[in-house]
Amino acid sequence: MGMIIQGATGDWEVVIGMEVHAQVTSKSKLFSGSATEYGAEQNSQVSFVDAAMPGMLPVINEKAVEQAVRTGLGLKAKINKHSVFDRKNYFYADLPQGYQISQFLQPIVGEGVITIDLKDGETREIGITRLHLEQDAGKSIHDQHPSMSLVDLNRSGIALMEIVSDPDLRSPEEAAAYIKKLRSILRYLGTCDGNMEEGSMRADVNVSVRRPGEPFGTRCEMKNINSVRFIQQAIIYEANRQVDILEAGGTVDQETRLYDSVEGETRSMRSKEEAHDYRYFPDPDLLPLEFDDAFIEKIRADLPELPDDKKARFVNDLGITAYDAGVLVAEKEIADFFEAVAKGRDAKLSANWVIGELFGNLNRTGKSLSDSPVSADSLGELIDLIKDGTISNRIAKEVFEEMFETGKAAEAIVEEKGLKQVSDTGAIEAAIDEVIAANQDKVAEYRGGKDKLFGFFVGQVMKATGGKANPGVVNQLLRPKLDG
Amino acid sequence: MSLDKATVAKVANLARIRVEEKDLEPLAAELNSILGWVEQLGEVDTENTAPMTSVADMQLRWRTDEISDGGYQEDIVANAPGHEDGFFAVPKVIE
Amino acid sequence: MSDLTRLTIAEARDGLAAGKFSAVELTAAHITSMDAARGLNAYITETPEKAVEMATASDQRRAQGTVGKMEGIPLAIKDLFCTKDTLTTAASHILDGFKPKYESTVTTNLWNEGAVMLGKVNLDEFAMGSSNETSFYGNVVNPWRRQTDDQPLVPGGSSGGSASAVAAYTAMGATGTDTGGSIRQPAAFTGIVGMKPTYGRCSRWGVVAFASSLDQAGPMTRSVRDAAIMLEAMAGFDPKDSTSVDMDVPNFEAALTGDIKGLKVGIPKEYRLDSVPAEIQSLWDKGIEWLKAAGAEIVEISLPHTKYALPSYYIIAPAEASSNLARYDGVRYGLRVEGKDLADMYSRTRAEGFGSEVQRRLLIGTYALSAGYYDAYYLKAQKVRARIAEDFNTAFKEVDTILTPTAPSAAFAFGEKSGGDPLEMYLNDVFTVPASLAGLPGISLPAGLSGDGLPLGLQLLGRPFDEETVIRTAGVLEEAAEFTAKPSDWWRG
Ligand SMILES: [Mg+2]
Ligand SMILES: [Zn+2]
């Protein structure tokens, strides 16, 4: 559902397009052999090429090409077997060459599509305009020296995929769903780690407003936003700002704006705007990038099952609700965990345990799945104990808490604490007799037609057995005895 | 197509070359003379000609993804007119 | 001992092998000669200590039986090649104090073959020029003078320092780079041999870039044989340069068979320009006769787009340069002129750091790529370039090599062409630029003297990666021309 802003003069619809810069997962940079790892000492992962020393030349990393194609296939996009690297010329302190090697007219990947998941299991298709490969810039630090900015080129030359969406998004929620889905796909593919805090994924968000059904309005671009929450906040602020201008009879200037997450506002970056003329031209140090169908097919054959397909399978083959399936496939790690639990077991029960108990406890303790004290195997064993009647569902929850706290196996805890369910008819019969004897008045009422009291007796029997009696067996034996 | 002073100033700014006001006019004249001479390219029929994209008849070679370079911070900043603790130092950029 | 500096590389190689003299002696002779020739201003940086050190190591290698193709041969290196820990300037103020922490592939190849570095030689700033009048380090003087006057003459450009150093016997050979004729034209002006190999034959890694799609390194020597020997040492596949061609380097010297019987030599009719002096036309005709006499078949050919080569070159080269030279911004190396902010620092640094010819070309190039003009200038020029390359392709279906003059004039005096109109200077490259645009191999060799006693060159062009035919034909021409004139050594201090 789109976001509608009600102005005094009528409704305004919000239109959003995104350009996401995703860092390609690779050991070395796009055009040089230096490392890409995050957090290294300044200028320690810089080659003479990355520092644009005189006479240095780019040589392309095959992994970056592969990853771009892989991502393109994951986005069901057109793969261009012939693409061209261009130079985008501009001066900036963290751009040592004075140009960024990028792809302009002929990108490696063309049009594709992403299905985003909205509330209530609703989905929407968002168009992908293109994906191209380009170099990242370095990083300037402005707050470490009183009069100087300090430049670190460790990031300079790292391979990025710029993934551009069509202006198909209509609300901050859709924008959030888009970026989450894109991140999920990239992680499934292993082409980007999606770590927004470390800057492996940043979004340029284009926002405009219009009267519903009318042509697009003038857009503003907010660059380099690195959290889903900030993206949503920036859209809300910016859309309202534009509506205010238009409602007051003004016009929106097309410009680049900075989102200030501290102030919660967007600000003009006109200083950076002046004389934008990137003078793109094919990089004469490189030849066109070319590969054949066999190269593409080899990558295609190696694609993992992607979240949409996985979700469909969970729903259709495993009988899981669309909502639960959506939760389980959002992260590949979760889906893998779930599948390990559910293997050879009741899938719905497994899903309930993963989403309910496991996630509940992880959330409560602020842990991520990767440091869960309960492994998929041991959660599976717990479910087995429920299934074979060793413990009841209620006891199982107790056991799980213990497992989560101590990391012990389910069986060990059940054994240790003597939680094994009692199915022995003799013992249960004895307990029933005891309960009946102690509650003769209630027995009379029951026999007088007050059927509802049956539950009371079950409860009493369970209590008498310390909760360990098998409820099925209790039911079976209790009824004839009460009926007399 | 003829360059005026303002265009020369704009181009000089794009190229980040400071040009004194008094030099704009003579520069415009020089550049116009060169560009005027270049105009003769218009005589060549290039309707069905693709622009030259590579001089050598070959395909782009790909490098294997290995860490084979970097790790020499000192050499990277050795020639810098301004450096500080392994960083390059430039006049403060205000965003 | 006779003057060792007068030997060719091939002769020195034989002398060293026979133990007639050592590399240290050979180098010492050249250091003395280099000292005496300071008036020519050929060197920006002399590295005599390094030279002696390298020569000593060379003698030791020889004693141990390891001998490279250029073992013990002292060379001058154009100051466009990055040399580790040795000042590298591109003859520009903007590279003040720059000592690279790396060595270019071409010079690495030469040192691996045993060559010795005498120093870094002057050039037009960033190789932009045809007369060596744009260097921050001053003009290079041509060792040749007219018979009629004592006026100092230009050595040609941009590899003017290389040409002058070799012609004045201060080095046995020099590296050059050729973007639009920068090896061939100065070779012609100084009476030496200069060869630009096929684009992709020599690695561009570590060579300060001027125009990436045109730049090629090549040898400048005093004989065709020397050029063959030196090119073989310089050339080779380099995985660090994406435009370097993965191809074996032939034994170029072996191409000098002296036999060109049946070889088809093309004479492009479009190169007969009215503006070219009669003595150059007649030297060309002589060249045709020499080749004919040696058994070659002369074929008139047409290269219809020749006329458009210069204007397209003067868009493409500046456009690429405007981007290649963006890295000189005062941040990571070289000159920095402080300003009120970063942008101001950039524009002051670049205004002071670049000379006027470089600035002019950067502005033209920036304009040619800018919004609204890209199609009309850069794209159009690249299309015309494709047609020029096509012309050569067609011609080379019919002929094996092409013979032309190298330059439309002999060496001229300082200021003669660098006064007002830059176009006058640009026209100097009229015969060399077309092959550069097409990436073809070409050689210039001295073939005669002008009326006032200055050397004139003839140029041979070949098919891509067929340097061997070019060298073989050049060898025959060299022998027929019997060019033995030498400049008087007025410069010796
Ligand atoms: Mg953007
Ligand atoms: Zn981008």
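Including glycine, each Cβ sits where the backbone N, Cα and C put it.
Unlike curated records, TrEMBL annotations are generated automatically.
Pulled from TrEMBL, these are the features on record:
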type	residues	note
ACT_SITE	C:LYS78	active site, charge relay system
ACT_SITE	C:SER158	active site, charge relay system
ACT_SITE	C:SER182	active site, acyl-ester intermediate
DOMAIN	C:29-470	domain 'Amidase'
Cα separation, C:LYS78 (active site, charge relay system) to C:SER158 (active site, charge relay system) (Å, whole number): 10
Under 8 Å Cβ to Cβ from C:SER182 (active site, acyl-ester intermediate), same chain, six or more residues apart: give me those in sequence order, or none if nothing qualifies. C:LEU123, C:ASP124, C:ALA127, C:SER130, C:GLY157, C:SER158, C:SER159, C:GLY176
In three-state DSSP terms, C:LYS78 (active site, charge relay system) is classed as strand
Measure from the Cβ of C:SER158 (active site, charge relay system) and count the other Cβ atoms within 10 Å, all protein chains considered. 35
Same-chain residues six or more away whose CB lies under 8 A from the CB of C:LYS78 (active site, charge relay system)? C:LYS120, C:VAL121, C:LEU123, C:SER159, C:GLY161, C:SER162, C:ALA174, C:THR175, C:GLY176, C:THR177
Helix, strand or coil: which one is the residue listed as 'active site, acyl-ester intermediate' in, per DSSP? coil
